[in-house]
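Presented below is the structure to which this report refers.
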Amino acid sequence: MGLSVVILAAGKGSRMNSNKPKVLQTLAAKTLIEHVVSSVEKLNPDNIVVVTGHLKEQVEDALQGRNITFVYQQQQLGTGHAVLQALPYLKEQKVLILYGDVPLISTEVLENLVDTTNDDDLGVLTAFVENPQGLGRIVRDKFGAVTEIVEEKDANDIQRQIKEINTGIYCVHKNLLQKWLPEIKANNVQKEYYLTDIITFAKADHVSINVTHPINEFEILGVNDRTQLASLERVWQRNVAEKIMAKGVSIADPNRFDVRGNLDVGKDCWIDINVIIKGNVKLGNNVVIGANCILKNCIIEDNVRIKSNSMVDGSIIREGAIVGPFARVRPECDVKEGAVIGNFVEAKKTILGKGSKASHLTYLGDSEIGANCNIGAGVITCNYDGVNKHKTVIGDYAFIGSDSQLIAPVNIGQGATVGAGSTIVKDVPADNLVISRARQRHIDTWQRSVKKTDK
């Protein structure tokens, strides 16, 4: 059974007060239309047609690389007119029609609509809502059959009391669209060609109208302004949080937790408030994430503690390691088992060996640090000469004293000790003590300068 999909994305979205089309506003770090496209792609349709209008180039760029046909609606003359523009690009099969600004629609709901609609039926997705203001109402006859869809602007007082609304999502064979779309008239307040008129044509042609409903009301909610966008963001995040908690993870406050990508979790993890997940993140078992942390494209293994106000990006934190508080782990780091990246430590493209510690106020860049090393406070690996980056290698069991600078490229041998306050420019052999600082002098005849005072 073949399927074509039409996504309507021509609207400007004036209430967004934005320089980009409404469908390119973001929810959970993805554009609204990307959410919709992702849902319909799982249906494996033969083709997807996106009808563009306002700033069409931006929409096409956002969906670049996907198997989509773009059709330009030069004049925004309504939903019926928009689908008419797509008609020549559709195959002789069922057509699923939906909107690019309804981001939470699920594949399951769409699949149910498609599967229950026969080739000679009209499938309509409707929903019952508490506040139908601004939405088209489903009008039924005394037998309960759908007779028409009335837009709010055209509805009378009785029709405005109806709670069942049109979601704007339909499934209908192309043959029926070819017959009905040219018959739509713009005889309404807006002077637009409403796709909803196909309900009337279906009744006149004795076409069966198949009505299905969404699993959750939020799935059919559209976005017209930034307030609605923020509301749907919280709905999305709450839904994600509940799925994560069902897998055995405790979240301190689901209302203060954001996933802007994909999170794979183990069991018995604890996630504190204001944690943000970006890209693809994997948590092992018994992981603790402190407040205000940001995790992006990283792997966190079992029994790791990420303390508050820390960032981990593009790196792997091995079992039992500790990061933070106030630490930043930049891309291409490998923090080995039991290692510590402490408070106000920044690491970039660095291997920190098993059991090694950089507990505070340190920069580790382009470094390879062995096991069981101690990196003192204020240590800096000076990796950049203004043109190129250079590597610092520190052997197992080395001790780097506080406030030392390691001028790369440089090697510190296994078991070597660097005295505090040293600037190291040459390799240090294994088990050596190296001190590079001025000798301390005492001058007992020195007098401090005294400021002149007004007489």
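Using N, Cα and C of the backbone, Cβ positions are placed for all residues, glycine too.
Features reported for this protein in Swiss-Prot:
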type	residues	note
ACT_SITE	His360	active site, proton acceptor
BINDING	8-11, Lys22, Gln73, 78-79, 99-101, Gly136, Glu151, Asn166, Asn224, Arg330, Lys348, Tyr363, Asn374	UDP-N-acetyl-alpha-D-glucosamine binding site
BINDING	Asp101, Asn224	Mg(2+) binding site
BINDING	Ala377, Asn383, Tyr384, Ser402, Ala420, Arg437	acetyl-CoA binding site
REGION	1-226	region 'Pyrophosphorylase'
REGION	227-247	region 'Linker'
REGION	248-455	region 'N-acetyltransferase'
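Positions of Swiss-Prot features highlighted on the structure.
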residue : record                                        : Cβ neighbours (10 Å)
Gly11   : UDP-N-acetyl-alpha-D-glucosamine binding site : 22
Gly78   : UDP-N-acetyl-alpha-D-glucosamine binding site : 22
Gly100  : UDP-N-acetyl-alpha-D-glucosamine binding site : 28
Glu151  : UDP-N-acetyl-alpha-D-glucosamine binding site : 18
Arg330  : UDP-N-acetyl-alpha-D-glucosamine binding site : 17
Asn374  : UDP-N-acetyl-alpha-D-glucosamine binding site : 17
Ala377  : acetyl-CoA binding site                       : 18
Asn383  : acetyl-CoA binding site                       : 23
Tyr384  : acetyl-CoA binding site                       : 12
Ala420  : acetyl-CoA binding site                       : 15
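Helix first, then strand, then coil: DSSP counts for the region 'Linker' (227-247) stand at 20 helix, 0 strand, 1 coil. Taking each of the recorded positions His360, Arg437 in turn and counting other Cβ atoms within 10 Å of its Cβ gives the largest count for His360. Of the recorded residues, Asn224 (Mg(2+) binding site) and Tyr384 (acetyl-CoA binding site) place their C-alpha atoms 49 Å from one another. The Cβ of Leu8 (UDP-N-acetyl-alpha-D-glucosamine binding site) has 26 neighbouring Cβ atoms from other residues within 10 Å, across all protein chains displayed. Sequence-distant neighbours of Asp101 (Mg(2+) binding site): residues of the same chain at least 6 apart with a C-beta under 8 Å from its C-beta are Ala9, Gly11, Gly13, Lys22, Val23, Leu32, Ile33, Gly222, Val223, Asn224. Separation of the C-alpha atoms of Ser402 (acetyl-CoA binding site) and Arg330 (UDP-N-acetyl-alpha-D-glucosamine binding site): 22 Å, rounded to the nearest whole number.
Between the C-alpha atoms of Asn374 (UDP-N-acetyl-alpha-D-glucosamine binding site) and His360 (active site, proton acceptor), the distance comes to 11 Å. All chains included, 17 other C-beta atoms sit within 10 angstroms of the C-beta of Ser402 (acetyl-CoA binding site).
According to its DSSP assignment, Leu8 (UDP-N-acetyl-alpha-D-glucosamine binding site) is in a strand.
Distance between Cα atoms for Ala420 (acetyl-CoA binding site) and His360 (active site, proton acceptor): 14 Å, as a whole number.
In this structure, the C-alpha atom of Gly100 (UDP-N-acetyl-alpha-D-glucosamine binding site) lies 53 angstrom from that of Ala377 (acetyl-CoA binding site). In this entry, acetyl-CoA is bound by Ala377, Asn383, Tyr384, Ser402, Ala420, Arg437, whose most widely separated C-alpha atoms sit 22 angstrom apart.
Taken as a whole, the region 'Pyrophosphorylase' (1-226) shows an average pLDDT of 94 in this prediction. Cα-Cα distance from Leu8 (UDP-N-acetyl-alpha-D-glucosamine binding site) to Tyr384 (acetyl-CoA binding site): 51 Å (rounded to the nearest whole number). Cα of Arg437 (acetyl-CoA binding site) to Cα of His360 (active site, proton acceptor): a span of 22 Å.
Cα of the residue listed as 'active site, proton acceptor' to Cα of Gly78 (UDP-N-acetyl-alpha-D-glucosamine binding site): a span of 62 Å.
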